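Per Swiss-Prot, the features are as follows:
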- 83, 182: heme b b562 binding site (BINDING)
- 97, 196: heme b b566 binding site (BINDING)
- 201: ubiquinone binding site (BINDING)
- 33-53: transmembrane segment (TRANSMEM)
- 77-98: transmembrane segment (TRANSMEM)
- 113-133: transmembrane segment (TRANSMEM)
- 178-198: transmembrane segment (TRANSMEM)
- 226-246: transmembrane segment (TRANSMEM)
- 288-308: transmembrane segment (TRANSMEM)
- 320-340: transmembrane segment (TRANSMEM)
- 347-367: transmembrane segment (TRANSMEM)
């Protein structure tokens, strides 16, 4: 009798995705982050659902409802802390996942890569709207500053901002619609992740060598299920340590104060995972130029398949490209640091230089390094 796992229409899909999937035998721990992102998404949806049961999206009630969750709801403090720090873990995994794709040339699977970029934008939008919901000082002013950037769009900018706000300032209408979008977007992200997997399994996984691995494949289960479980335990250890010992480490102290439109905080800044993009935005004195640079800082990833000049797919055997990659990593960490600093000397010039370097590495230095390595190996 044929195994039900291989014949049943629904179970067959799960089987072909997580059990009998032919997988390269040499993929390293850097390939664990896809499954960890799936775990983060599940954690966020479950904790978010329980938070939504007790949250009120009214400007008069939002801050109090979050306080009520933390004080009066059974394990509400834990659910809220898991949700807030789960977002940080989500972005750590996202950045490593994208970095892995850049390092090992996974962007050559164009459809998978492009869906991944759409996913990145969607997750960033969801996180931004979620940050507004507690209705603290930084929530309110962060929402005001970031949504106001759309007014830089010629002709339609001002109307667009007022349309998003639902009035002439960030108010009740804004909070209500942000809550609605924040609730629905994770389910859209889940659907997009399914499409991401669909495209990935059309071509099969890449591997550290960047070579075709058809001759050396192993089943996903039990080898990579066990490996993924190890990654899951490690992620949960970090998340629970952060949640139970340092729950407010990555938050902003200003968000313990209820939103006050009459009092602007001295330094408006987003959550830590947006600081690199915020630093690029601030480094350009022109409003429209800053907004364009902000969008391009992520959108530039779409160009990666076009900018690939090397004859080898992976950077595993390309030392010059490796140097460029780690320079880019250091530059992004510098931008993250600068984004959290006040707008004054010497931070302004450091931010401008780091922003220029970011675009220079991606658009010029990485393609040049690829050509140089081709020449050094006589692959003209």
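The backbone N, Cα and C atoms fix where each Cβ goes, and this holds for glycine too.
All features noted in Swiss-Prot, drawn onto the structure.
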residue : record                   : DSSP (3 states)
83      : heme b b562 binding site : helix
97      : heme b b566 binding site : helix
182     : heme b b562 binding site : helix
196     : heme b b566 binding site : helix
201     : ubiquinone binding site  : helix
Sequence-remote contacts (6 or more beyond its ends) of the transmembrane segment (347-367), Cβ cut-off under 8 Å? 279-280, 282-284, 293, 296-297, 300, 303-304, 307-309, 321, 324-325, 327-328, 331-332, 334-335, 338-339, 341
Using Cβ atoms only, which residues of the same chain lie under 8 Å from residue 83 (heme b b562 binding site) while being at least 6 residues apart in sequence? 44, 47, 48, 51
Check the transmembrane segment (178-198) against the transmembrane segment (288-308) for contact, please; criterion is three or more CB pairs under 8 Å, pairs 6 or more apart in sequence. no
Which ones in the same chain are close to residue 182 (heme b b562 binding site), with CB under 8 Å and 6+ residues apart in sequence? 48, 126, 129, 130, 133
Top stretch among 33-53, 77-98, 113-133, 288-308, 320-340 for CB pairs under 8 A with the transmembrane segment (226-246)? 77-98
Per the Cβ filter (under 8 Å) with a sequence gap of at least 6 from its ends, the transmembrane segment (320-340) is approached by 99, 102-103, 269-270, 272, 274-280, 282, 310, 347, 350-351, 354-355, 357-358, 361-362, 365-366, 369-370, 372-373
Residue numbers, six or more beyond the limits of the transmembrane segment (113-133), whose CB comes under 8 Å of its CB atoms: 55, 57, 62, 66, 87, 90-91, 94, 97-98, 101, 106-107, 139-140, 142-143, 146, 174-175, 178-179, 181-182, 185-186, 188-189, 192-193, 195-196, 199, 270-271, 273-274, 298-299, 301-302, 304-305
Quick check for the class: what is the C-alpha distance, in angstrom and rounded, between the residue listed as 'ubiquinone binding site' and residue 97 (heme b b566 binding site)? 17
Counting across all protein chains shown, how many other Cβ atoms sit within 10 Å of the Cβ of residue 201 (ubiquinone binding site)? 14
